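Enquirer: Take a look at what Swiss-Prot says about it:
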type	residues	note
TRANSMEM	43-63	transmembrane segment
DOMAIN	107-295	domain 'ABC transmembrane type-1'
TRANSMEM	111-131	transmembrane segment
TRANSMEM	145-167	transmembrane segment
TRANSMEM	171-193	transmembrane segment
TRANSMEM	234-254	transmembrane segment
TRANSMEM	274-294	transmembrane segment
């Protein structure tokens, strides 16, 4: 039979206060989100690309004297169709205009349209969805509206509206925002129905807590990851909408640069002077891809179930 070596043990006094001490670090939701978000290498790479594109798109045009409609050099053959070099990084087109300037002016407009349309749709969708989820009378009406609108392809609605009201910056944003928000509202409504009747919400309602306060304090914080996921899907989608519509002459006016407009204008250069077509297209792909990857990683990180 083995014996216990008493020298390996030490008697200590009982300390009730020490036994109640919590040694685990305090949990911070947003710190955990940031930690999970930056853990992935794809986040760092794509976030770097996205930040660089956004900074150049919004800062460079402030100091450039670029005029998208300038054709004064059309007869100066010495500045036409210059391939990318140290002086003209992206080359020049048939009018002698710098493609570098055109790409960043166009990227700024495309990103602005996407961000503004996304914010408008999210604000309306979350607000209406919150009311939709807690009001049975509103639910009956909105379900009928949703059933009608959801059967029409969103892109078709945008095309019809832009064709009807004409090309323009705010016209395009209006067309993107007329009905798109209803899909977000329906998703918020479904999520609220999941959480509305949980025990702690029933207890709050029994104690007399106002319904709107329950939604704002108890339910909406649970939907952060869902809202972020929706936002990440909308941003690249609206950029693609703008590019598609501008390519067919339905988006921005021909006098306003955008990535879609540049791709449309230089589509005949796919085989000759191909850089005019591929550089704007590559920029569009980089913007959309970086937005999607960064957004998806942020949505995953905002889900508390992924936190450790």
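Going from the start of the chain as shown, residues are counted 1 onward.
Every residue, even glycine, has its Cβ placed from backbone N, Cα and C.
Please situate the listed features within the shown structure.
Expert: If you look at the transmembrane segment (111-131), the same-chain residues 6 or more away from its ends with a CB under 8 A from one of its CBs are 54, 57, 138, 142, 169, 172-173, 176-177, 180-189, 192, 215, 220, 227, 230-231, 234-236, 238-239, 242, 258, 287.
Cβ atoms under 8 Å from those of the transmembrane segment (171-193) belong to residues 113, 116-117, 120-122, 124-126, 128-130, 132-134, 139, 142, 145-146, 149-150, 152, 154, 157-158, 161-162, 165, 215, 219, 222-223, 226-227, 230, 234, 238, 241-242, 245, 251-252 of the same chain, restricted to positions at least 6 beyond its ends.
Within the same chain, residues 42-43, 46-47, 49-50, 53, 83-84, 90-91, 93, 99, 102-103, 106-107, 110-111, 232-233, 235-236, 239-240, 243, 259-260, 262-263, 266-267 sit at least 6 positions outside the transmembrane segment (274-294) and bring their C-beta atoms closer than 8 Å to a C-beta of that stretch.
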